[in-house]
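According to TrEMBL, the protein carries these features:
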DOMAIN    112-435  domain 'PDEase'
BINDING   H188, N189, A190, V191, H192, D229, D338, Q389  AMP binding site
BINDING   D229  Zn(2+) 2 binding site
COMPBIAS  438-449  compositional bias 'Polar residues'
COMPBIAS  450-462  compositional bias 'Acidic residues'
Amino acid sequence: MQGIYIKVKGTRGKAFWLPMSQRCGEISFDSPEQKAKCVRMLGDARLRSQTEVLSERRGSYPFIDFRLLNNTVYSGEIGTKKKVKRLLSFQRYFHASKQLRGIIPQASLYLLDEDYLGQARHMLSKVGMWDFDIFLFDRLTNGNSLVTLLCHLFNVHGLIHHFHLDMVTLHRFLVMVQEDYHSQNPYHNAVHAADVTQAIHCYLKEPKLASFLTPLDIMLGLLAAAAHDVDHPGVNQPFLIKTKHHLASLYQNVSVLENHHWRSTVGMLRESRLLAHLPKEERHDIEQQLGSLILATDINRQNEFLTQLKSHLKNQDLNLEEAPDRHFMLQIALKCADICNPCRLWEMSKQWSERVCEEFYRQGDLEKKFDLEISPLCNQQKDTIPSIQIGFMTYIVEPLFEEWANFTGNTPLSENMLNHLRRNKAKWRSLLHKQHSSSRSTDHSVQVTENEEQTLNEGETP
């Protein structure tokens, strides 16, 4: 047998060898003591006491590169379960062994040309500006935008000094987070995380909020923004549910991706020992609040948070001196940051729109290939980018950002974002109109051609 195995006594006293990678939750035991012994031996954090935040070990649930399945040549059907299992096993092995986790890469920002370093530093001096170009910054930092940005912001906000953080350990943790995003995702990758982080940094500076925030609030906001989509598989929750993915089973089909992002973040915090010097109760509180923030990004809970925000503003009962109300506004700020792309300059907003739709279309192509029902917005033949964006802006973005502007008191930033949103929506409407006009022209040309062909077949001169 290859790998590491342990001997476990199962039901009816039967002993068997269990691979270290297998989860104890899949095994039947004669007594709680046997199960506890297995947990201690395998170190599976998901089965520990419920008083502690559960975490996912890095590499426990590796990213499934669906392109490997998609590019595999099958005759007729998808193929046997054994073929699919071999592919997934290879990916699991590859993910777990690709690098020693947490090692700071040698080819980092410091090996860049001095001109690029100078430009990156200059951009960081303007990180609080809404026209910050995260795509340019990512190129200047050689793909290390998330790590570089977070190190800078932790320093700017005085968090390293306040929480007595070790700079090397912080860098190690941030590298872990950045590595666990998947660059093959057109949208849900480390650049998106950096963009959301830069946006929430702008929001935390809003006067209505800034004067009440504690260092803990700021650190929670930045960490949640950086890790809110970590290890995203590039497909949505309905896809995971209908394909019976293990994450859907683990989290019982509720906020599947958001739970995974949160538990993975907790796992990396513990593995890196970034907060190991803090009291246990404080670490536990940070993990819980991070979960509350990341879970708030579930788009299915949009109406829930929007209704609460409207109610608070109508009743004028928000007291930001109270921790629960500050936390609620941090949730709203993170939700705004997560969907702020339509509020950016057109050049950046358009690029984000094309990226997210490309990710939708990839999922649709995958569903079509495997004879699954194509999810909404994922059919490239029916769902155009302009129509998707107009709907997204109208029903999701506008209502939230209008209430955010009401909360902030229509500050220059809020008015700037709403102005960009309206202009971008108008441009998408114009593009949609052009598409419809082009489509009608094409249909008319086809009809004329068909009529001419019919006339010729009848022996008449056109």
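For all residues, glycine too, the Cβ spot is worked out from N, Cα and C.
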Report summary line: Across all protein chains shown, the one of the binding-site residues D229, D338 with the most other Cβ atoms within 10 Å of its Cβ is D229
Requested in this report: Express the predicted model's confidence over the domain 'PDEase' (112-435) as a mean pLDDT, rounded to an integer.
Outcome: 97
Query raised in the report: Out of N189, Q389, which of the binding-site residues has the smallest number of neighbouring Cβ atoms within 10 Å?
Result: N189
**Report entry** Residues near A190 (AMP binding site) in space but at least six apart in sequence (CB under 8 A)
**Finding:** G143, S145, L146, Q178, Y181, S183
Query raised in the report: Given the AMP binding site residues H188, N189, A190, V191, H192, D229, D338, Q389 in the record, what is the largest Cα to Cα distance, rounded to whole Å?
Result: 22
Query raised in the report: For H188 (AMP binding site), what residues in its own chain, 6 or more apart in sequence, show a Cβ-Cβ distance under 8 Å?
Result: Y181, H182, D229, H232, G234, E359
